């Protein structure tokens, strides 16, 4: 017996009544904190200028200024970050009245590590976790690894939340992940060490993208027609982008990392009273055989929209539970989507601190680029085939990143932002595309699983960006100081985008088709021949 199409069955509700408006804006509101939470690490883990701390000892002014060696880094002179001249030797020379550079050849003096700690500049930040826990020199590996720990939490959360959402419902998982993200972001403030902070950061990461995916899938299943396209492209994406754009404003006025975390945890508290206004997905309830509950929600929606509901709304709905690897066609689609959702978006976003001398302006530029990107994704979803859109936009992103090494420095930022625009657009398209390809019983699991695999790339992106640095740990060269190393991250990210573009050729098309309700409907769509037909 064929399963009726949900969109046709609920067409009497209309597409944009008070019920749909409430769902649209409340779910978008749940995404807003994700925007400034996802990239808060840009500020939390930034490395302030620093040098060895010199304790209060009796030194002449000349030796106080000369005790830190001067090194040449990337053609510029700067104070050594990880060494100083031996304090006992300098103290003796100062007591004898010798003047550095005139009476003493500084290159002959023995150096020592920063045994008394470091002095950090407060020109930009009052404190970050780097200055709090001394994640510099021999401990500098912990700075990029902190972001990796966070994305590992996002990876695990994406996988688990998808499974839980398809089993227990979209709404409970949405609010549970908001609670996890909010509570553990707040608890991070009291971290006594980097290890404790990292553990708490991992747990807060469990709720970050999990919240986004749950809200995304819930809205995609409740809303229909053009409103669904608007929600899955511009709605959630612009909410994320506006939150992202607020991050540098928060960080500018709250330059202490603990104060910033406190501010980032507050908005999540405001969302919990909305439990009574956000409904469960009727599609998911139907897939679980809970027809009466689904009808109750739809009848309440009809009452809010002031339309008459038919006497019997849902009939002949059967639930089917399977897995993402059930058939060859579905298995191929899953593998391709896991590969296509790459690390490019997070890699370029985490690189924002290098776009401009001011990190607040850098972050705002990176966030502002996302607004036209999400508008473009909405237009593409509204009017163009999915497969063609994804292929073209990812090719644009890949080529832009490749060209960075061939243009002058003043044009490289523009090309990087063009690449960010293209990959952001592609990421938004792929989220909507994934939700359209899978049936209700697998939709959240599929979206979560594909997101999980893509987070593997996000976990290595902090270290990938370190390849642009000549000196990674302390002041020892761990990579060859070759000029082209500066562009290696862009070459890798560009290659991922191009490969993803060609892999998308083999995805089935979903443009203009209803969301599949069952495995059979998905299988019928994917069984269509000629995968290279882009229309």
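Cβ from N, Cα, C; glycine included.
What TrEMBL records for 22-44 (among others) is transmembrane segment.
TrEMBL lists 89-512 with the feature domain 'Major facilitator superfamily (MFS) profile'.
Within the chain, the transmembrane segment (173-190) has long-range Cβ neighbours (under 8 A, six or more residues past its boundaries) at 30, 33-34, 37, 157, 161, 164-165, 197, 200-201, 203-204, 206-208, 210-211, 214-215, 218, 258, 261-262, 264-265, 268-269, 271-272, 275, 278, 444. The annotation transmembrane segment is assigned in TrEMBL to 173-190 (among others).
Sequence annotations record features per position, and here TrEMBL assigns transmembrane segment to 196-218 (among others).
Counting same-chain residues at least six beyond the ends of the transmembrane segment (230-254), those with a Cβ under 8 angstroms from any Cβ of the stretch are 24, 27-29, 31-40, 42-43, 212, 215-216, 219-220, 223, 260, 262-264, 359-361, 363-364, 366-368, 370-371, 373-375, 377-378, 380-382, 428-429, 431-432, 435. Per TrEMBL, transmembrane segment is recorded for 230-254 (among others).
Here TrEMBL flags 260-278 (among others) as transmembrane segment.
Under the heading transmembrane segment, TrEMBL lists 334-353 (among others).
Under the heading transmembrane segment, TrEMBL lists 359-381 (among others).
Counting residues 6+ beyond its ends, the transmembrane segment (388-407) has Cβ neighbours under 8 Å at 340, 344, 376, 380-381, 415-416, 418-423, 425-426, 429-430, 433, 484, 486-487, 490-491, 493-498, 500-502, 504-505, 507, 534-535 in the same chain. Positions annotated as transmembrane segment by TrEMBL: 388-407 (among others).
Here TrEMBL flags 413-433 (among others) as transmembrane segment.
Annotated transmembrane segment per TrEMBL: 487-507 (among others), in sequence order.
Non-local neighbours of the transmembrane segment (359-381) in the same chain are 35, 39, 42-43, 46, 124, 229-230, 232-234, 237-238, 240-241, 244-245, 247-249, 251-252, 348-349, 352-353, 389, 393, 417, 420-422, 424-425, 428-429, 432; each lies 6+ residues outside the stretch with a CB under 8 Å from one of its CB atoms.
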